[in-house]
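Encoded as structure tokens, the structure appears first; notes follow it.
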């Protein structure tokens, strides 16, 4: 059963232009959360009733804290960015299915683009160093030092060439040709499709976390859907990104042209 919780803000700071890190004391959610899941965050304003779904960046079970990293893109997230330490905030979660980690994944490849970067940090921690990570940004970068703590190798691309190579994460993958038993990726759909095709050519399975606009976050409104294959390969269905996802196996996604 999905429940509401109150979280207490510990820190809410800008870590890159328009990108904020929100650390919350939220013991009840921390005990249930896993990498790849998200929470619905309510912004304490009666004028903006719809929550904002924000992916979980880090889970600290010892301290009972969640770290969320989000982009300020509208009024709702702008209000969230102004919440001060010690204030309370209403949360729903954890939501979604999250990434599946097994012992036989061995060395893994992580690929994140833009706001798809933060959800991979907790995953990197749980994979315990058996990872090569590829992070793509438009201009300003963030969380690089954190990834370097937990990953064997960290490769960076920026569209303007301000850090790492000038280009995108697919350029990085093609330049370095990493080997791994699983690719985990989070980012915009065109990037996910490119990563899936790259991995499929090398017979590497993929877990892909989709970014879609959400309203309810619990599967009731059907705003966010992903076209997936049924067991009968000749048929397909729309599945809810917020409830059935946000993580899907690359081979089950129907990639429309």
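Just so you know, glycine gets a Cβ as well, placed from its N, Cα and C.
Because TrEMBL annotations are produced automatically, they should be read as predictions rather than curated entries.
Owing to the predicted nature of the structure, the values given are computational and were not obtained by experimental measurement.
Copied over from TrEMBL, here are the features:
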| type | residues | note |
| --- | --- | --- |
| BINDING | 52, 53, 54, 55, 76, 77 | FAD binding site |
| BINDING | 216, 221, 224, 242 | [2Fe-2S] cluster binding site |
| DOMAIN | 2-101 | domain 'FAD-binding FR-type' |
For the domain 'FAD-binding FR-type' (2-101), the number of residues DSSP places in helix, strand and coil: 11 helix, 48 strand, 41 coil
Packing count at residue 242 ([2Fe-2S] cluster binding site) (other Cβ atoms within 10 Å of its Cβ): 26
Three-state secondary structure, which DSSP defines for residue 242 ([2Fe-2S] cluster binding site): coil
Binding-site residues compared (55, 77) - highest count of Cβ atoms within 10 Å: 55
Segment confidence, the domain 'FAD-binding FR-type' (2-101), expressed as mean pLDDT: 91
Residue 53 (FAD binding site), number of other Cβ atoms within 10 Å: 25
Between residue 52 (FAD binding site) and residue 242 ([2Fe-2S] cluster binding site), the C-alpha gap once rounded to whole angstrom: 12
Inter-residue C-alpha distance, residue 242 ([2Fe-2S] cluster binding site) and residue 53 (FAD binding site) (nearest angstrom): 9
FAD site, defined by 52, 53, 54, 55, 76, 77: further same-chain residues with Cβ within 8 Å of the Cβ centre: 40, 41, 51, 68, 70, 80
Max pairwise CA distance, angstrom, over record-listed FAD binders 52, 53, 54, 55, 76, 77: 16
Binding-site residues compared (52, 54) - the one with the fewest other Cβ atoms within 10 Å: 52
